[in-house]
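A.B. asks: I'd like to ask some things about the structure below.
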């Protein structure tokens, strides 16, 4: 498959590239880090709604779900800090690991960091699935979280650096696509394992994570590191050879010189985190942090973590609630493919803005329906209104899946200069995991406190996101990764004041 070159706005340099088998295989193998992350996100919600799991580790919650007393609010029966800690411990560990992952990614490279993530995933999975006590279960989740921290640090940067500029968006979104596939597979697994007699279905669900864990580990052994990382670490000839291999053309000198120039600047920076707060790095830093906060404050992870619990709360029975979350998981996967197709054609901003409108409307409708029709102590929502809620949840998930989901990872990974790219991605992952942790730990309590108002709370955040996007997020479509400062930030009406 031939891929033409293009001209950048700043330097008039044509970077020739073909879409080679080496690039496609490398991106597929690396993106399995997203598969692992997605499986962990999706599996916990289904497992925490399985009676056998609750009975073993959370007997208080199990007792509450079995007692249909009028005193127990529909919105509060799963409100338990220890139960929320099972889910959120993974994200707390990922938050801490992301800070260690930055120097590791810079010194050892993207490839070795992904390998380390794979090994942590394998050990964490074995511990979680075999746990007999809550402490071992949580410890397994913590190791999985460390794997998430390292994988989410290395994989998006790996994908952005290895991809040809004109399809960088599509290839980077393979990470998010794999996250959605992981969530979908986890929902299917939970649906089947919930039917297993003998009370060990939850162990099968948790053990299933071993497959993407092994895939990431094996993939990390097969792929080459990125030319950017190799050249930055002093392996210029090897970096040049890899660049020639992945681009599939002989004339790689313009891109090689571009990376070489960026790596020389990078090597002059001894403390990337200190450099990150300097004026010229503030535009990508502020956007990266805000995008992670906004991504979580849409309420997406609240819905994906707790979809089975949420649908149970709405009066769906256990099978039906898991089935409903399989549907939302399927929508998530299909609509991420929409983003793969459009991100390098329509651009980043169009997808972000359209989604803000769609998410806002669907959240408001869900909040109004629940507020009007689901009483605190009623047994269930009527069938028609329950279906409307599921449709609106799917509408919400669809818009997130082709916008803030993938672009929340893509834009930060492609906008930092090489010298602060690892540090910037580390801050990105840290912020994402911090807010994922806070939402995971607080959602069931917030649901109990705000009731239907939780969806109106999230919709208010979506409105703020829309305003932020209109004025402050620039278009990065078709801009070479090492030319962002000249072509994007120095041309933007607001951010150019920081570029002196």
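Using the three backbone atoms N, Cα and C, a Cβ is placed for every residue, glycine included.
Note: TrEMBL annotation is automatic and uncurated.
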A.B. asks: Per TrEMBL, which of 204-223, 224-243 is transmembrane segment?
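C.D. replies: So the range that TrEMBL calls transmembrane segment is 204-223.
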A.B. asks: Out of 61-82, 171-192, which range is noted as transmembrane segment by TrEMBL?
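C.D. replies: Matching range for transmembrane segment: 171-192.
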A.B. asks: Would the transmembrane segment (321-343) count as touching the transmembrane segment (204-223), i.e. at least 3 C-beta pairs under 8 angstroms with sequence separation of 6+?
C.D. replies: no
A.B. asks: Tell me, what is the mean pLDDT of the domain 'Major facilitator superfamily (MFS) profile' (26-477)?
C.D. replies: 87
